[in-house]
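Data first, discussion second: the structure below is written as structure tokens.
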């Protein structure tokens, strides 16, 4: 209502004095231009695919959701949530389809223990480079298209499993199938793009856990359902394992196509559209990667993730063979028991993220780091116990507890990742995610060259040491595990007693000199107007 108040509170500081010094028709003209300019800018900023959402959102965090409605499949937030975990689940279905069949494949191809473990190492090594690459590509192109393309691409070598004739071909095949494991980066980036940092720990943990559940389900479906079913249909054991991998390949291609067509990159739409209409700046993938890689916290989390997700990948490859050899079980029975490790993802990883968020609410980043340490140390102790268990029933029980801490540590890790450097979360997610595969390669080499018991001891020792690393993580503005304090803004954010810090909105500062000049100007304001200003 008052043009000078409008100018003073709406324009950049350096321009206010200049505008207010103009009089008469020129002032009116400048005011009209300012209104048109600001109105045009507002329209540009509000161009988005959806004008209403079905969850509560934070406008200061790019309309990211502040709540998770698991029963909803509405676009964009919850649709992306469910697509992210199911795509990662499908990737596991493709990735580890061979694992429960390895005892049969070994018989057909005459493989030694070392050759089997070399193929296991190849299966997890293939995705390391892709995880480094996919992180910055997510920052540039979004998760949706990358997710669909990688799923479809990994399905091709999976469908070719039946053509393998020797160990070398198996190595190459599993290396290229393993590229599908890089979908984890898109999975975590996608939910970080859809949910605020305050609930990102829970969201990332649930989608990661339900996706990882594919490892356990694959053991059960491929080893205990489809493989016996194909044999019951008249096939020999060799014909069955050479044919059954067509099933996950078909599922992967279908899911990849549906993902691209039926989901969104972020709350305001797809990256390509947002860049076209000017609501999103172009991102340099190389600059994003450099920023993420230059942060020491990224590499500390890389090591910790190697000692939780790397352990899970190792167990996905080793569990069925371990139970068959140690307790003299059939392929079907060993696969069913091994699947229990992955089934813990149904709740454990989500629980880890949820408890990390709760610890953050009460103690800030110190709470997250403390919970991370607890999970890793407990996980390492469980590995020691599991390696020394001689009873089948007790071994299964210990494995379930062991798996629970593994998944909880994974969820806790990615409750910390969104805080490290928010603008390059994709690159950091890619680097940390690659740590899981590096861990799997290292532990795989241990199992390849040592006897099983000593390989477990080596793995357990590394896990316990990684828990101590939490004391070395220091994130700007946040307390460390043992030293430092959270900033007042951070405390206000996690305690929900004040507004969270926003890096996407800057309020122009009032030009005090121009404001003082108002007192002598002919357009005087009433006390009520001054109070409103």
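Glycine is no exception: its Cβ is also placed from the backbone N, Cα and C atoms.
Note that the structure is a prediction, hence the values are computed from the model and not measured.
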Q) Between 109-128, 269-288, 329-348, which stretch does TrEMBL give the note transmembrane segment? A) 329-348
Q) Can you check which of 41-62, 239-260 TrEMBL lists as transmembrane segment? A) 239-260
Q. Given pairs 6 or more apart, does the transmembrane segment (329-348) have at least three Cβ pairs under 8 Å with the transmembrane segment (299-323)?
A. yes
(Q) Counting a contact as 3 or more Cβ pairs under 8 Å, with residues at least 6 apart in sequence, do the transmembrane segment (393-416) and the transmembrane segment (203-227) touch? (A) yes
(Q) Out of 83-102, 145-165, 299-323, 428-448, 454-475, what stretch is closest in contact terms to the transmembrane segment (239-260), meaning most Cβ pairs under 8 angstroms? (A) 145-165
Q) So what's the average pLDDT for the domain 'Major facilitator superfamily (MFS) profile' (80-478)? A) 91
(Q) Six or more residues beyond either end and a Cβ under 8 Å away: which residues meet both conditions relative to the transmembrane segment (171-191)? (A) 80-81, 83-85, 87-88, 91-92, 94-95, 97-98, 118-120, 122-127, 130-131, 133-135, 138-139, 143-144, 146-147, 150-151, 153-158, 160-161, 164, 200, 203-204, 207-208, 211, 252, 414, 417, 425-426, 429-430, 433, 436-437
(Q) Looking only at the recorded stretches 83-102, 145-165, 369-387, 428-448, 454-475, which one has the largest tally of CB-CB distances under 8 Å to the transmembrane segment (299-323)? (A) 428-448
